[in-house]
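Taken verbatim from TrEMBL:
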BINDING   Asp19, His21, Asp61, His203  Fe cation 1 binding site
BINDING   His21, Asp61, Asn91, His92, His203  AMP binding site
BINDING   Asp61, Asn91, His162, His201  Fe cation 2 binding site
DOMAIN    12-204  domain 'Calcineurin-like phosphoesterase'
Amino acid sequence: MVECINRDDEQIRFIQITDPHLFKEKTGELLGINTYNSFRQVVNEIQQSETDYQFVLATGDLVQDSSEEGYLNFCHIIHPLGKPVYWIPGNHDFQPVMRKVFAQQSYIYADKHLLLGDKWQVLLLDSQVYGVPHGELSQYQLDWLDEKLQEYQEYYSLIVLHHHLLSTNSVWLDQHNLRNAHELLHILQKYENVRGILHGHIHQQVDAQWNGYQLMCTPATGVQFKPDNNVFTLDTLQPAWREISLMPDGTIETQVHRIQQAKFLPNMHELGY
Ligand SMILES: Nc1ncnc2c1ncn2[C@@H]1O[C@@H]2COP(=O)(O)O[C@H]2[C@H]1O
Ligand SMILES: [Fe+2]
């Protein structure tokens, strides 16, 4: 558990980046986009934005090839932000190496329960089912979530995971969703103060409602998927990050920022990976 010290009346702002899909080689490409360069561009533009925020949340698929060098590339790119980094795994991550590399960095924390001031908690879930693209929350994850929501009922809660809950209206992609979303919902509905759900995985922006909860998904820092297409379809929208402000009154303010100073276009004829 980690405490980010705040004045009680202060909002808590953080930045989410997701799905960089880095490789061992800095030249590695995913569907024609160099993922090292596109992730570095996102981080450079975060730095230039002069946004005042407290930490970075990396929500999975950080590395595509399970390599130690890939996770070191992540550290090399994110370190210049000079902020604490929290993380969860995506379906492509190799957790033994991910944990090993991140544990060697003083600014990357393995904490999954963030208590922020005395009004907000952020609960980071692991929805990875190793070796397959879809997600599932284990009984351990569900019990842990239930326990934290029970124990900190007086806190507003933001729930974070990698996999998606709401249909993208794309059969090829929705088969890779969170398979036991109904079990997650059952737990959330036992409590009053769950205020939002945040995820990655689908490489597109979502700002919607899911069963009455504010649902946010953030575009990847590399290749983008086009919603509403039943066959694999790439988008020409640019890489992005999300700013999230947890307000003292329990509301969440948020904005997706797409890069402005460079353009990364995928090979639109690629059929997948
Ligand atoms: N053409 C495709 N059809 C179905 N699934 C795909 C295709 N291409 C990639 N995927 C999977 O869909 C997943 C969605 O995003 P991920 O980056 O988690 O990893 C992706 C792949 O595992
Ligand atoms: Fe993913």
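Heads up, the Cβ atoms here are built off N, Cα and C, so glycines get one too.
On its own chain, Asp19 (Fe cation 1 binding site) has Thr59, Gly60, Asp61, Gly90, Gly200, His201, His203, Ala220, Thr221, Gly222 as residues at least 6 apart in sequence with a Cβ closer than 8 Å to its own Cβ. With respect to ligand 2, the binding-site residues His21, Asp61, Asn91, His201, His203 contribute Asp61, Asn91, His201 as residues with a C-beta closer than 6 angstroms to one of its atoms, given in sequence order. Among the binding-site residues listed here, namely Asn91, His92, His162, His92 has its C-alpha nearest to that of His21 (Fe cation 1 binding site). Per the record's binding annotation for AMP, residues His21, Asp61, Asn91, His92, His203 show a top Cα-Cα distance of 14 Å. Those residues of the chain, other than His21, Asp61, Asn91, His92, His203, with a C-beta within 8 angstroms of the mean position of the AMP site C-beta atoms are Asp19, Gly60, Gln64, Gly90, Asp93, Gly200, His201, Ala220.
With a cut-off of 8 Å between CB atoms and residues at least 6 apart in sequence, the same chain places Thr18, Thr59, Gly60, Asp61, Ile88, Pro89, Gly90, Asn91, Ser127, Gln128, Gly135, His199, Gly200, His201 near His162 (Fe cation 2 binding site), listed in sequence order. Cβ proximity to the Fe cation 1 site centre (mean Cβ of Asp19, His21, Asp61, His203, cutoff 8 Å) flags the following additional same-chain residues: Thr18, Pro20, Leu30, Gly60, Gln64, Gly90, His92, Gly200, His201, Ala220, Thr221, Gly222, Val223.
Residues Thr18, Asp19, Thr59, Gly60, Pro89, Gly90, His92, Asp93, Ser127, Gln128, Pro133, Gly135, His163, Gly200 surround the recorded Fe cation 2 site, their Cβ atoms falling within 8 Å of the Cβ centroid of Asp61, Asn91, His162, His201, which are themselves excluded. For His92 (AMP binding site), the same-chain residues lying six or more positions away in sequence with a CB closer than 8 A to its CB are His21, Gly60, Asp61, Val63, Gln64, Ser66. When averaged over the domain 'Calcineurin-like phosphoesterase' (12-204), pLDDT in the model lands at 98.
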